[in-house]
Amino acid sequence: MAPAALNKKKVTKSQKPPAQKKQKKEVFTAKPPKKHDISDDSDSPTEEIVDHEGLFEEENEEDGFDSHSEASSDGDDPFTDDFLQGGDDEEEGSGSGSGSDSDSDSDSDESDIEKKSRAIDEERAREEEEAGAEMQLNIKEESDEFRLPTKEELQEEARQPPDLPNLQRRIKEIVRVLSNFNSLRQEGAQRKDYVEQLRVDLGSYYGYNEFLIGVLVEMFPVVELMELIEAFEKPRPICLRTNTLKTRRRDLADVLLNRGVNLDPLSKWSKVGLVVYDSQVPIGATPEYMAGFYMLQSASSFLPVMALAPQEKERIVDMAAAPGGKTTYIAALMKNGGLHRWEDNLHCCSYEKQRDDLRK
Ligand SMILES: C[S@@+](CC[C@H](N)C(=O)[O-])C[C@H]1O[C@@H](n2cnc3c(N)ncnc32)[C@H](O)[C@@H]1O
């Protein structure tokens, strides 16, 4: 069945690492390289990054494996050397025919091994202690009081090209302070000082004009604001809307699947939308598209029409409606019985008429 096939493909597609993982990697990269430095000097930086991603995807398993493999690899070399030497000694010892010598040799071998083993344990304990101290230092640095930049610092910054990592860090810090303002605020600083700096930094970092970022900052609490802005950075999925005057979504999906379009129903909230992951044919030039079986339309553009909930025989005016995505959706919901004003011309809008107009 089509939906099963679609879902399968969706899973493959959704295996892309989520943006959050990136952050995780950034936060943690400071520590794990130790293992790589020791175990394999020849690793290229790229390989290291790949390894880290793997590491944090299966954190627990890897941690367990990691310490084990580290222990055995660290331990292997000295022990191997030892046993080899020990083997030679033993042979020499037995060659001399002195049983007590042999015993004492083997005793001293044993104590050698013990010594080396103890040295390795001590070395490891020291390393762990150092790593712990380093981690504490990092935690302390992160939790150190964040201070807003002074006027002079801002003036100096303004003379330089934008320092994006610094802006990103400051945005993160301001969000952190605003999320727990009473405990983390800088003495004497007001919430509005942080919000103002956040507004400026978000504008510079993400390239918003003052008006738009000002509206967004006023409109949303800080956590939602960040979620929204980060969502704006992600590419929109390609969606199409079934023209229910001509076909059913399921039938359209089947036909497109057969053409090599990898798609799924858009979401529970839409009965007409399909989301396209990838396609072996240009999605805007299939025979079905040319025949008006679907319209390429962002999922978000479905929503105003759904909110409007147009009914048959209503009169709906859609001003400045080109290219007509919402208007044709309205027309479909009105079963082609509506009257729409479209741009400067009055059209008695059948779906086909609008579509034909679109092509002119
Ligand atoms: C954002 S689009 C509308 C999209 C449409 N609602 C849809 O879903 O397909 C706005 C359209 O209005 C047109 N437009 C902007 N100002 C206009 C004006 N003063 N008079 C007529 N059309 C205008 C633009 O050229 C553009 O085609």
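For all residues, glycine too, the Cβ spot is worked out from N, Cα and C.
A TrEMBL annotation is a machine prediction, not a hand-curated record.
Positions annotated as S-adenosyl-L-methionine binding site by TrEMBL: ALA320, ALA321, ALA322, PRO323, GLY324, GLY325, LYS326.
What TrEMBL lists as compositional bias 'Basic residues' is 7-24.
Residues or ranges marked as compositional bias 'Acidic residues' in TrEMBL: 102-112.
According to TrEMBL, the compositional bias 'Basic and acidic residues' annotation covers 113-127 (among others).
Positions annotated as compositional bias 'Basic and acidic residues' by TrEMBL: 139-160 (among others).
As a summary of secondary structure, the domain 'SAM-dependent MTase RsmB/NOP-type' (228-360) carries 48 helix, 28 strand, 57 coil according to DSSP. Here TrEMBL flags 228-360 as domain 'SAM-dependent MTase RsmB/NOP-type'.
Per TrEMBL, region 'Disordered' is recorded for 1-166.
Across the domain 'SAM-dependent MTase RsmB/NOP-type' (228-360), the prediction's mean pLDDT works out to 88. Contacts of GLY325 (S-adenosyl-L-methionine binding site) defined by a Cβ separation under 8 A and a same-chain sequence distance of 6+ are given as ARG241, MET295, GLN297, SER301, in order along the sequence. When Cβ atoms from all protein chains are considered, those within 10 Å of ALA322 (S-adenosyl-L-methionine binding site) total 12, not counting its own. For the binding-site residues PRO323, GLY324, the greatest number of Cβ atoms within 10 Å around a candidate Cβ is found at GLY324. Counting other CB atoms no more than 10 Å from each candidate's CB, the binding-site residues ALA320, ALA321 peak at ALA321. Counting only same-chain residues six or more apart in sequence, the Cβ atoms lying under 8 angstroms from the Cβ of LYS326 (S-adenosyl-L-methionine binding site) belong to SER301, PRO304, VAL305, ASP318.
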